[in-house]
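**Student:** Handing you this structure, nothing more for now.
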Amino acid sequence: MSTRRRIGIGVAIIVIGLIVALALAASAGSHSTRFDLNGANPGVSVPKFSLPGVTVIVICGVLIVLLGIAQLARGFGKRTMRWVGIGVAVLFLLGFLTWAGTEGKQPIQVGSLLQQTLFLATPLILGAMAGVMCEKTGVINVAIEGQMLFGAFAGALFGTIASNWVGLLAAVVIGALVGALLAVFAIKFMVNQVILGVVINAFALGLTGYLFDAIMANNGGGTNQPSVFNPIKIPVLGDIPVVGSLLFDQTIITYLMYVIVIVIDVMLVRSRWGLRTRAVGEHPKAADTVGINVLRLRYQNVIIGGGIAGLAGAALTIGSVGQFNKNMTSGQGFIALAALIFGRWTPRGALGAALFFGFASALQTALSLLATPVNIDSNLLQMLPYLATIFAVAGLVGRVRAPAADGEPYVKG
């Protein structure tokens, strides 16, 4: 790490610590902060507990400042720096949540906050996995937003006229078909992949809006009233305190998300398919030379990625609100794309980034319901998830590398 960057990071950490230790502590209320770790339907309840508000805030701020001073003095290694970043984030969050509850009017619902985080992050995680599938093989997928929108529409329509399971299958199929459309134009006709993705998103927005007006809007709910998947509690695991209700009392879509993340993460590094995918994304000509069918593998991965994005769309309808609305993705496909970049084009990184963005959205909702010591403008709260996305991605400009052949058409020669 260069001296300039080491000093810059150290100063930034110290500033964060001073904000916590001085600004938050000075404006905090006089009460202790109560925390509730239990989410909805806990198998085994955990007692609520209290922390001395100002004391905890100051301690968190001082610890962050000390980490910043250590960074200034000698710097941390690359691997250690990741843990330092996580530590700063956790300390800042603990200090901030403690500050938010120092009015003493209601406890900080940590369990519910975490459940809401996973709920909001599920479509983002699936969208990011769709991006991993495409971009690891060298095809940029800006059309995640459109694929999710088509999946949400298909899930609601077929979930109403048939069943939720049919709606789930339809969402995956329509997402895969849109993925096939992307693949044909990007791979065969070599259309600029970024422009192509934008066009597909506009097409999805217009067509689903038209079909909503034509089929759903004036039909009294006859084509837009699917039931929502009920949570399935896994025996024993679902009764673990805190973690049980968070991870093991979820809908089938969330469980499918777990499987997809694990399968992609493992297969990318431990299977022949993963080796070939990474080879095609990094150096397609060399991959072709050793007998890998570059074009076929790209078609395959982009279509599978489209199906995963369609599943992400279904999470918004039959996995959530139980109806389709115009433009209901509201930019979540682009946030999923940002999670992919923030996660350095890896499944684990994209998972963590999507959870971070989901947490920002959940925190915005939680803060709007809390009586904080200083009133936070509702417009600022609504901006929180998008600000988090902008700062996260902007901080990585020039520091992360996409697959070398990402976005580059390949002509067999």
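Cβ atoms here come from the backbone N, Cα and C positions, even for glycine.
Annotated transmembrane segment per TrEMBL: 7-29, 49-69, 81-101, 113-132, 139-159, 165-187, 194-212, 252-269, 302-321, 350-371, 383-402, in sequence order.
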**Student:** State the residues, same chain only, that lie 6 or more residues beyond the ends of the transmembrane segment (165-187) and have a CB under 8 A from a CB inside it; answer 'none' if no residue qualifies.
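**Tutor:** Non-local partners: 130, 134, 139-141, 143, 146-148, 150-159, 193, 196-197, 200, 204, 226, 252-253, 295, 298-299, 302-314, 317-318, 409-410.
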**Student:** Do any residues of this chain, six or more beyond the ends of the transmembrane segment (49-69), have a C-beta under 8 angstroms from a C-beta of it, and if so which?
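**Tutor:** Distant Cβ neighbours of the transmembrane segment (49-69) are 10-22, 24-25, 28-35, 84, 87-88, 91-92, 94-95, 98-99, 101-102.
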**Student:** Where else in the chain does the transmembrane segment (302-321) make close Cβ contacts, counting only residues six or more beyond its ends and a cut-off under 8 Å?
**Tutor:** 119, 122-127, 129-134, 137, 139, 141, 143-144, 147-156, 159, 164, 167-168, 171-180, 182-183, 186-187, 226-229, 251, 253-254, 256-257, 260, 328-329, 332-333, 336
**Student:** Under 8 Å, at least three CB pairs between the transmembrane segment (139-159) and the transmembrane segment (113-132) (pairs 6 or more apart)?
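**Tutor:** Since 3 or more Cβ pairs under 8 Å link them, the transmembrane segment (139-159) and the transmembrane segment (113-132) do come into contact.
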**Student:** Give the nonlocal contacts of the transmembrane segment (350-371) in its own chain as ranges (CB under 8 Å, at least six residues past its ends).
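**Tutor:** Residues packing against the transmembrane segment (350-371) from afar: 100-101, 103, 105-106, 108-109, 112-114, 116-122, 124-125, 127-129, 131-132, 261, 335-336, 338-340, 342-343, 378, 381-382, 384-385, 387-389, 392.
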